[in-house]
């Protein structure tokens with residue numbers, strides 16, 4: 001599933017072109033994704049202006065004129081791409097990026113040039129909703145999201161407060177979107193390795209009123225920030241279906257220290273990386289370095 005760095009990379013790829021653009025036409029190649037498209041979706045969008053493209057956690061927010069917002073979630077395999085006429089003809093001629101195109105939006109940018117914005121989703125777990133912009137953060141999907149890991153408020157102290165009395169694993173708490181918005185399995189594994197913390201460790205141990213606990217919490221918060229920022233700078237991680245808005249791949253997967261490296265040597269101590277299952281998800285860690 002695309003995590004915060006992948007979604008932010010998409011946002012940054014689309015934003016310069018679509019901000020201020022007018023929606024010319026909409027084509028729906030099916031009636032639904034994970035959920036049905038909003039009623040009269042095409043008719044309600046044509047003629048609108050895309051005022052701003054935002055992100056909250058793993059959600060993209062296309063803020064439109066007339067105070068409505070398209071909330072887009074990429075699901076497991078969704079991707080957005082943007083093409084001009086020449087690039088679109090090249091892709092079509094090559095038969096590339098045509099299958100599983102479910103939503104197509106033609107827009108006219110502020111400079112008058114026409115672009116084609118396409119949503120592709122092999123597994124169709126993504127979805128789009130059309131919401132009232134003024135009340136969007138009251139929607140159940142957004143209302144309970146935690147802090148953004150790159151926000152000024154995110155810190156070791158915040159983590160300590162969030163971990164109080166949490167008897168479950170550190171990995172489980174870090175994946176809780178009501179605590180940290182947008183953080184997923186890949187980047188939790190990477191941040192924990194950098195912090196030398198086991199994914200099986202009880203989260204409450206970082207909330208203890210000791211110097212050691214505070215230092216671990218500060219280190220973890222900083223490493224989460226660093227991993228997320230680095231992944232964004234590399235254009236995210238491509239494991240299976242994720243692509244950037246120009247059709248290219250992300251590159252952060254080449255910088256993984258533990259994720260997907262079961263049996264390979266730990267870069268720190270040399271012993272094999274271990275994979276375990278936690279709540280149905282794979283955790284990768286070094287049993288020697290991470291305690």
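Note: Cβ is positioned from N, Cα and C throughout, glycine not excepted.
These features come from Swiss-Prot:
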type	residues	note
ACT_SITE	2	active site, schiff-base intermediate with DNA
ACT_SITE	3	active site, proton donor
ACT_SITE	58	active site, proton donor
ACT_SITE	281	active site, proton donor
BINDING	100, 123, 166	DNA binding site
ZN_FING	257-291	zinc finger
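Sequence features annotated in Swiss-Prot and their locations in the structure.
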| residue | record | Cβ contacts under 8 Å, 6 or more apart |
| --- | --- | --- |
| 3 | active site, proton donor | 58, 182, 183, 184, 185, 186, 187, 236, 237 |
| 100 | DNA binding site | 120, 121, 122 |
| 166 | DNA binding site | 173, 202, 203, 204, 207 |
| 281 | active site, proton donor | 175, 185 |
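Cβ packing within 10 Å was compared across the recorded positions 58, 123, and the lowest neighbour count falls to 123.
The Cβ of the residue listed as 'active site, schiff-base intermediate with DNA' has 27 other Cβ atoms within 10 Å, all protein chains considered.
As a whole number, the greatest separation of Cα atoms within the DNA-binding residue list 100, 123, 166 is 42 Å.
Separating the Cα atoms of residue 2 (active site, schiff-base intermediate with DNA) and residue 123 (DNA binding site) is a whole-number distance of 13 Å. Secondary structure at residue 281 (active site, proton donor), taken from DSSP and collapsed to helix, strand or coil, is strand.
For the zinc finger (257-291), DSSP puts the residue distribution at 0 helix, 14 strand, 21 coil.
The secondary structure of residue 3 (active site, proton donor), as reduced to three states from DSSP, is coil rather than helix or strand.
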